[in-house]
Amino acid sequence: MTTSNNIKQLDKDYIAQTYGRFDLALSHGKGCDVWDFEGNRYLDFTSGIGVNSLGWTDDEWLQAVVNQAGKLQHTSNLFFTEPSSQLAKKLVEASGLKRAFFCNSGAEANEGAVKTARKYSHDKYGAGRSTVLTLVNSFHGRTISTLAATGQEVFHQHFHPFTDGFEYVPANEIEALKTRLNTNDVCGILVEVVQGEGGVCSLDNDYLQALQALCHEKDIVFIIDEVQTGIGRTGTMFSYQQFGLQPDIVSLAKGLGGGLPIGSFLLGEKVENTLGKSDHGSTFGGNPVACAGANVVVDKINADFLAEVQRKGQSLQATLAALPKVKSVSGLGLMLGVEFEDGVLASDIVAKCIAKGVLFLTAKSKLRLLPPLIISDEQIAHGMQVLKEVLESE
Ligand SMILES: *Cc1c(COP(=O)(O)O)cnc(C)c1O
């Protein structure tokens, strides 16, 4: 019989040891509950890092995925397929952009976004206008180019040289951005509306508006990385919608597939035809099974569903702010970060909550909450009770 210890041993012996895993081997899950191999149950505030937006094994999602796997599991992009075409229509209608490209991960989506910005500029202005600006403390992926786009030194050790043409500007400082744009060498600006891995830090509305205006004025491609914030996570389908923004490119991944690997970048009017035949591609991109799952996710996240995400997010935020040892709460919707008073380590709190059957994440020095979007009020109340007990005993 399989035990958690067998699995941990196999991992230790045979898997590249790149992850600091929680001391937990998971067996199966339903909704917001997941079980280990010994039958212990855990309440989930992680969603597989913002991926399982409908929780574990949602019935409709499962049926769509299983049905599609029994029809066509993969075709290559030499053929037209139904799930990807339908998904593209839904994403275009929900976003106000014009077209979708499908890939398999957030990093790949950002790579495609950067390629598009560079080609747009090259087609129109020729060589030498290829710099992409990102923000200090951003996170855009783990490939050599998306690491170059990531404005956190901690990720840059050991892996030089990186792709040229990325520079960082400080978040929420519009004068610094204006100064940087004095030379005409920037083709794109890539930002997260809420920096997830950076510690759940939101950008200011004024900054976002000024940034968009500068992009328009200077014909710079405005790219929003919605890999973590997108698909309902923050209480609207895309987080930029809460700020009335109209980006030229939007990258997506995590929550889109409801648990299957899928990424996408959406192209607005300015760049909808920038990539032509054979300019970009991905063998697995638009996989019918992943897209069948994503269609269910996007269908379920309607206006009523989003109103519930907003309501639950606000109540969770208020509850968190009133807990002992909490200094501040940040984030939007069901993407929240908690800063503790000095001396309280988020990683310790997470370990103690696991022992009491509740799963949370960290982001830098904060506790991070990314529960399945379907979490109930009762489940939130239970999770908060456990967190309160742990904090009281600190
Ligand atoms: C997770 C994440 C990525 C990278 O996504 P992968 O699927 O791991 O490549 C990129 N951007 C943001 C904002 C993310 O949160």
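Positions of Cβ are set from backbone N, Cα and C atoms, glycine also.
Remember, predicted model here, so these are calculated numbers, not experimental data.
The C-beta environment of A107 (pyridoxal 5'-phosphate binding site), restricted to residues of the same chain at least 6 apart in sequence and closer than 8 Å, consists of H140, G141, R142, T143, T146, G263. A107 (pyridoxal 5'-phosphate binding site) falls within a helix when secondary structure is assigned with DSSP. As annotated by TrEMBL, pyridoxal 5'-phosphate binding site applies to G106, A107, F139, D225, E226, V227, Q228, T283.
Sequence annotations record features per position, and here TrEMBL assigns N(2)-acetyl-L-ornithine binding site to R142, S282. Taken residue by residue with DSSP, R142 (N(2)-acetyl-L-ornithine binding site) is part of neither helix nor strand, so it is coil.
Every protein chain considered, the tally of other Cβ atoms within 10 Å of the Cβ of K254 (N6-(pyridoxal phosphate)lysine) stands at 25. Per TrEMBL, N6-(pyridoxal phosphate)lysine is recorded for K254.
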>> Please report the three-state DSSP label of S282 (N(2)-acetyl-L-ornithine binding site).
In response: coil
> If you measure E226 (pyridoxal 5'-phosphate binding site) to K254 (N6-(pyridoxal phosphate)lysine) at Cα, how many Å is it?
Replying inline: 9
>> Quick test of your reading of the structure: among the binding-site residues A107, F139, D225, E226, Q228, S282, whose CB sits under 6 A from ligand 1?
In response: A107, F139, D225, Q228
>> Out of Q228, S282, T283, which of these binding-site residues shows the lowest number of other CB atoms within 10 Å of its CB?
In response: T283
>> Can you tell me how many other Cβ atoms are located within 10 Å of the Cβ belonging to F139 (pyridoxal 5'-phosphate binding site)?
In response: 26
